[in-house]
Amino acid sequence: MNRIDGRRNDQLRDVKITRNYTKYAEGSVLIEMGETKVLCNASIEDRVPPFLKNSGSGWITAEYSMLPRSTHSRKVRESSRGKIDGRTQEIQRLIGRTLRSVIDLKGIGERTIWIDCDVIQADGGTRTASITGSFVAMIDALNKLYTDKKIKKIPVKSFVSAISVGIYNGDNILDLCYEEDSQAQVDMNIVMTDKDEFVEVQGTAEGFPFKKHQLNELLELGEIGNRMLIQEQKNALGDITKLILGDKTDVVIATSNAHKLEEIGKILKGFKVKIHSMKSVGLGGLEIEENGTTFEENALIKAREVARRTGKISIADDSGLMVDAIGGKPGIYSARFAGENANDNDNNEKLLKMMANVNMSERTARFVSAIAVVFPNGEEFTVRGTCEGKIGFERKGTNGFGYDPLFIVNRYDKAFGELPSDVKNSISHRANALEKMKEEFGKRLK
Ligand SMILES: O=c1nc[nH]c2c1ncn2[C@H]1C[C@H](O)[C@@H](COP(=O)(O)OP(=O)(O)OP(=O)(O)O)O1
Ligand SMILES: [Mg+2]
């Protein structure tokens, strides 16, 4: 274990966002990232700076400050010293710029939103925590204008959050605490929207300059962190998130198999969900090692990995064919039956050969599908569906995928390869598993 607090390299500290933390400000959020605590207040003022008078546009500006005992030794208040230092200037400008980048300033009318970030306790990442917390405070303030009917909608284009990444003892790490930050070879702050866009990247090498590939790796790590943080913001804002984004829940189908994606997508039509593919959440090339010993374990491995990387609800299927005459093979090895890089054709070929001398009555088999659902908060469950049939003596039909041309389903006495997709999708192992999933899923969506 490389990290001071035993975290994985790509693990955030515990994130806690508390809204309505103090009572007077229109938006008041305490954000905690591990031991770092920042109070972010948003206030609305009914006027704008002189350069915006009569423009119809509003303004957002931010101030940042650290309380004297937010640090190891007492830090003199900037107000007592009579001037603010360069770091403070830079941070408050960053917070203001970031928030202005995701809001339509015309949409708030000639008003100013003041953001005040006060660091109560500093353990690294105070500027990034300030940004993540301020966004939520700003939304609360805007929501106040909205519920008071002063604006017609909350004029926000995107969610935005920020996280630090760095290189520490040669490893890329996410969300540096103070001790890591002070020893890091590279230290970078990454501000991103919920559309995976960058708002700002600040990266500096201390003594060890870094290469482009390292920069790219760090950006990727920052993306993972920001996706998780934005999910935390969405959870914290609850119904207001729905007001801004609509009330569909994001769900990622954690599969690299386009056929499964299509089948699962069709079966989930009735739900208030927005279906994402691995590709659409930027995980197109991701390969997940399926080293479990059961269908359920493998499904969980896939869903957990994708939930962790996206911060979204993830659904994975692990499925396969179990043929009685060969002791339930290929089972969980169905995809790699004829070898690590086998394709559907190789697998079917191998199965036909092994079954060449088996009578029709002995050719019974079933498809099995385990579906795992993993929620961003770590809740998870699995369900299993099966479908009974026989292995044919030759391939039939061109529909579907995998072993479909060889699997003669009892119900129709035809190969899945010969049946239209809506027929397969009403009786398949996957359909049966998803049917069971629906009930459990519906309960937890509420
Ligand atoms: O309805 C089906 N019709 C025909 N064949 C099927 C079916 N359902 C699973 N199968 C076969 C295909 C593959 O050989 C193995 C699944 O392996 P499995 O690892 O779960 O899927 P995969 O690697 O294709 O995609 P992914 O892991 O990214 O979800 O069982
Ligand atoms: Mg697979």
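Glycine is treated like the rest: Cβ placed from N, Cα and C.
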Q: From the candidates Ser164, Ser182, Ser314, Ser319, give the one listed by TrEMBL for the same substrate site as Thr255, Ser256, Asn257, Ala258, His259, Lys260, Phe401, Gly402, Tyr403, Asp404, Lys424, His429, Arg430.
A: Ser319
Q | Same-site phosphate binder from Arg81, Arg87, Arg97, given that TrEMBL records Gly125, Thr126, Arg127 | A | Arg87
Q: Tell me, if you would, which residue among Arg87, Arg127, His259, His429 (binding-site residues) has the fewest other CB atoms within 10 Å in the structure shown?
A: Arg87
Q. Using an 8 Å cut-off from the Cβ centroid of Arg87, Gly125, Thr126, Arg127, can you name the remaining same-chain residues around the phosphate site, in sequence order?
A. Tyr64, Ile91, Val119, Ala122, Gly124, Thr128, Ala129, Ser130, Asn189
Q) In which DSSP state, out of helix, strand and coil, do we find Ser319 (substrate binding site)? A) strand
Q: By Cβ count within 10 Å, point out the most packed of the binding-site residues listed: Glu289, Asp318, Asp404.
A: Asp318
Q) Do any of the binding-site residues Arg87, Arg127, Asn257 touch ligand 1, in the sense that the CB is under 6 Å from one of its atoms? A) Asn257
